[in-house]
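Residues annotated as domain 'Tetrahydrofolate dehydrogenase/cyclohydrolase catalytic' in TrEMBL: 12-126. TrEMBL lists 145-290 with the feature domain 'Tetrahydrofolate dehydrogenase/cyclohydrolase NAD(P)-binding'. Look at TrEMBL and you will find Gly171, His172, Ser173, Ile237 tagged as NADP(+) binding site.
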Amino acid sequence: MNAHAATRHNALMGKPVAEEITRAVYQGVEELASKGWPVKLVSITIGDVPAVHLYVRNQARGAEKAGIMFEERHLPATVSRVEMLAMLQALNTDPRVTGVIIQRPVPKHLDIRELQTAVHPLKDVEGMHPASIGNIVYRDTSLAPCTAAASVELLKRTGLKLEGLEVVVIGHSEIVGKPIAFLLMAEGATVTVCHHMTRNLAVHSRAADAIFVAVGKPRFITPNMIKPGSAVIDIGINQIEENGKHITVGDVDYEACAETAGWITPVPGGVGPVTVSILMRNALTAAQAQKRYYDQVFGGKSDTMVSVAPAE
Ligand SMILES: Nc1nc(=O)c2c([nH]1)NC[C@@H]1CN(c3ccc(C(=O)N[C@@H](CCC(=O)O)C(=O)O)cc3)C=[N+]21
């Protein structure tokens, strides 16, 4: 479907956007490295979840392209809460570590919010620490959740003016739906958030200039649910079996909706690649913030981290 999607005039392809973002990140990482300030991302996975392995594999590739050091930590599903909190504390205090991402889901005996909150806000490259989420409410979107930021980035690529744009977000998860709504409000859009309790979803989605879909239901959105000419941003990643083959499809019936939509993101090949590049951009942003903080505290002596020895 990727190849087919690429031939559609109205396909919003993620790869070129991801490559552009990653090139810019590479420049920034090189500049910091020249000042003795390398960027390192630690990616933590707990247990075995297929969609997570795919994401981490693409993180490793993205980090390599961005010049970012990448360390994957794959922990058994039996890891204890105390072990996790101790590991996170060690990563917070390790000056060589720029950012930490904890893949979701985590096993039931662990509380992802507690783990997320245990990551220092300066190293929260996922933008999921309450402080980072709070900043989005205050319109500081520098460290925003990656999938949310990637989705809004793709809407911006349509060239549509976001001020006053009627946007419907379908799905209100804390990591995607809600952050998207806040990011869009920061851009001046008029945002409606729909979810499983919403009555007459199509009444809302058909009135929208743009819809974002993150419900986890394969091909849930059909042409009669979208306004002709609107932008359709599909965040779904659903593994299904079809004609004896395992394939990944989004929450939107791409083939059917592509005839009606003005712009539409394919799955795979849309939001996914841009999510990876935004994670790399967040790692650079975190490194730049840490260096600014260091320079303020040590009066600019942080050109080479290792040389910051206690004053005689
Ligand atoms: N804390 C946390 N944050 C996440 O953002 C998060 C998570 N946990 N857990 C798992 C899901 C899944 N996810 C993906 C991101 C990109 C691709 C991706 O790169 N997809 C490409 C490649 C697909 C392929 O190679 O088949 C595409 O859509 O084109 C996939 C999956 C982020 N997740």
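Any Cβ shown, glycine's included, is placed from N, Cα and C.
Note that TrEMBL annotation is computational and uncurated.
A quick note: this is a predicted structure, and the numbers were derived from the prediction, not measured.
The local packing around Ile237 (NADP(+) binding site), expressed as other Cβ atoms within 10 Å of its Cβ over all shown chains, amounts to 21.
Confidence for the domain 'Tetrahydrofolate dehydrogenase/cyclohydrolase NAD(P)-binding' (145-290), expressed as mean pLDDT, is 97. Checking the binding-site residues Gly171, Ser173, Ile237 for a CB within less than 6 Å of any atom of ligand 1 leaves Ile237, listed in sequence order. Each of the binding-site residues Gly171, Ser173 was scored by other CB atoms within 10 A of its CB, and the lowest score goes to Ser173. Using DSSP to sort the residues of the domain 'Tetrahydrofolate dehydrogenase/cyclohydrolase catalytic' (12-126) gives these counts of helix, strand and coil: 61 helix, 19 strand, 35 coil.
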